[in-house]
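The DNA-binding region feature in TrEMBL is assigned to 52-120, 157-221. Among the features that TrEMBL reports, compositional bias 'Low complexity' is placed at 273-287. According to TrEMBL, the feature compositional bias 'Basic and acidic residues' maps to 288-298. Annotation source TrEMBL lists domain 'HMG box' at 52-120, 157-221. Among the features that TrEMBL reports, region 'Disordered' is placed at 269-298.
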Amino acid sequence: MAPYNLLTATVSLMARSFSAFYTNTPARCTSIVCSANINPVKYLTSQTSGPPKRPLNGYMRYVLQQKPVVISENPEIKLVDVVRKIAQQWRMMSPEQKEPFQQASVQAMKQFKVDLQKYQAQLSPAELQQQVLEKRQRMAKRKAIRKKRELNVLGKPKQCRTPFNIYMSEHFQEARGTTTQAKLKSLLDDWRNLFSHQKQVYIQLAEDDKIRYKNEIKSWEEHMIDIGREDLVRGQTQSKKKKTAAVRKATKKTAAKSVKKATLFFVGKKQKSTTSSKAKPSASAKTVQKDSPRKPKM
């Protein structure tokens, strides 16, 4: 009789083999009990209870087909180079060569839409609302990731650091603990136990870094405005810019009104002086009239 450990290992190996075989079939097997001392192995169906997965496009189908071939031909090649080589092959292919992969993707998409309708018909209104909320959250997360990548490409300055962040970056390697979380906890405890004069050094460094950030972000935002990317400028900067433009516009308007009033004043004064000069006789005329002899009365 074989030893108990060997027998147990053999039965466990057989159970795993049966599990690998039956999970690829549509039939459902609840469990297989191999022995009283061995946990039962459960077998699930190939269909999951969650929503159907979106099918791959034609390019990704080609990648999955060619990936083992490229790796077998180049065993020491890196995964990045594998994908790069497959992408180059895909670009060199003709539309007729791409057609089978794209057609398979189209057919899979049709089946996906049918399966999705069946799945959504089984859900309650609350579950449908929850799915919509989760989809919005995923889209917002993807949008934030894309925006962060874009800002990194455009060279947006890094945020100013706090005093604790500066202290943590300087003492992280020598911190107690084996995990990152344990090291952060120990650094936080050490920071709280520091004296005021010891923290003052890092507070001053943080203030200097804050000045650095203000100068860099100001130059960067001016550059973004110059290249037409006002959407990346902070709302505070945009409000200041609008306020400054409004003040300039109001100043120009007030100046124009003042010039107009001054012009009307001088024009009116000139007209008034002209009218008075016409109405009153001149001094020479008065003198002549005074010096001329009066006519004798008849």
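Just so it is clear, glycine is given a Cβ too, placed from its N, Cα and C backbone atoms.
Please treat TrEMBL annotations as automatic predictions, because they have not gone through curation.
Each residue of the DNA-binding region (157-221) gets a DSSP state, and the totals for helix, strand and coil are 48 helix, 0 strand, 17 coil. Taking H, G and I as helix, E and B as strand and the rest as coil, DSSP gives the DNA-binding region (52-120) the counts 56 helix, 0 strand, 13 coil.
Summarised as a single figure, the pLDDT of the domain 'HMG box' (157-221) averages 93.
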